[in-house]
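*Asks:* Annotations per TrEMBL:
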{"type": "TRANSMEM", "residues": "24-49", "note": "transmembrane segment"}
{"type": "TRANSMEM", "residues": "70-94", "note": "transmembrane segment"}
{"type": "TRANSMEM", "residues": "106-127", "note": "transmembrane segment"}
{"type": "TRANSMEM", "residues": "170-191", "note": "transmembrane segment"}
{"type": "TRANSMEM", "residues": "203-225", "note": "transmembrane segment"}
{"type": "TRANSMEM", "residues": "237-259", "note": "transmembrane segment"}
{"type": "TRANSMEM", "residues": "279-303", "note": "transmembrane segment"}
Amino acid sequence: MQASGGMDWLIQIAERLLRKHPKYITILAPLCTFFLTVLVGTGHVVYTLMPIICDISLKKGIRPERPCGVASIASQVGITCSPIAAAVASFVIISNENGFDVNNLGVIAITIPACICGLMAAAAWSYNRGLDLDKDPQFQARLADPKMKEYMYGSTASVLDKEVSSHAKAAVYIFLGALAVIVLFSVMQIAEHDIRPEYNGKPLGMNIIIQIVMIAAAALMILFCKAEPKKAVAGPVWQSGMVAVVAIYGIAWLADTYFSNYLDVMKSGLTGIVSEYPWSIAFAFFAVSVLINSQGAVVVAMLPLAYSLGIPGPVLLGRSAKRLRLLLHP
């Protein structure tokens, strides 16, 4: 979708909203990054939007860290709310294997309202955080330097000048259609009319269905939307994603090796606590996620352990957002 220009169109829509209401950017910016992540299933898509948020807030006299701080958190929180995210798919599969009948829609029906409430609380706290720029002596001292002033105000970060072709819009519609197909599978499960294809007598897992549908959508974009594969692998979303894959693979492998060796020790240490206070498993998820650095890997490593401790599925679902810990890393 990015190679065909579809991402530029989505970013333009978000930028128009932010520039139309710059006064409320601290509230609108996290909502934009949140729903972008929910839509595409990865937080890497917000890299283009962050300079725009900073530019708008700076020109409006708002401290950039107010919207940027919450917006960066929102871009990662959205992963637990996306029906096509690997973390959500892994939660569904492992939960089903442990007797908790839930699907993608059931997960996001809990995580979306919870995360939006949390983000709005964070935005409200950040709304007046720090001095306004016109009252900040350090910022005003920097403005006294002509070079620094030119650096901050001499250019504008924007994608509104990019021409969006009909092929770019078609790519977005194809992507949304693929997303609708994935949601349809979950809806039919809820309606007890499972339409998932079967393999060896068992329905395919949602993680496999998501991969098949999204790869098919990518093929349609290449065929009909002039999406060049070379541009796809050269784009920031692909490059950032691949760096994350390589980095997280090593971290997750190391962490999984560690947890495999000390699984019995961890289980015995957590049993007494979580049996008395089931909600305390959230802190274990959070602590482990700091080490593993991947929400999907945390689910795979810790969720089976949590179920083996007898923690009910609804309790674990309610603690899904606790997997967010990326921003603790410098």
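Placement of Cβ uses the backbone N, Cα and C atoms for every residue, glycine included.
TrEMBL does not curate its annotations; it predicts them automatically.
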*Asks:* Taking the transmembrane segment (106-127) as reference, which of 24-49, 70-94, 170-191 has the most Cβ pairs under 8 angstroms?
*Replies:* 70-94
*Asks:* Of the listed stretches 24-49, 70-94, 203-225, which one has the most C-beta pairs under 8 A with the transmembrane segment (170-191)?
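*Replies:* Counting Cβ pairs under 8 Å, the winner is 203-225.
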